[in-house]
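Listed in TrEMBL for this protein:
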- 1-122: domain 'Peptidase M14' (DOMAIN)
- Glu92: active site, proton donor/acceptor (ACT_SITE)
Amino acid sequence: GSVVASYPYDDSATHKPTGVYSKSADDEVFKYLAKAYASHHPIMRTGKPNCPGEEGETFQDGITNGAQWYDVEGGMQDYNYVWANCFEITLELSCCKYPPTSELQQEWENNRDSLLAFIEKV
């Protein structure tokens, strides 16, 4: 896991594992929506999730183009955009896939304002 807002495309024409910016026709809209979420999240907005084993990983403004981060062929985010005209971003909300119950209240507090800002944009 990580703490970042990822936007299409997750797949690239070259299928290189990482580092290829795969721009969609609606790239600016996706960046706008991703920033709307990330800018209200206390960790995400720093662009430095500081996840164990990935301490050096950074994301400008707390967002990333999916394929630039890592290429995912056949992902749901891209499928829904291409075939159903759904505008989706993927939110990585924690370094831990299954945070302990004791951390859930803090996770809610970290994400509440982001969720409201995102809903307002949608």
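Residue numbers in this text run from 1 along the chain shown.
Even glycines carry a Cβ here, placed using N, Cα and C.
Neighbour count (other Cβ atoms within 10 Å of the Cβ, all protein chains): 18 for Glu92 (active site, proton donor/acceptor). As a summary of secondary structure, the domain 'Peptidase M14' (1-122) carries 52 helix, 16 strand, 54 coil according to DSSP.
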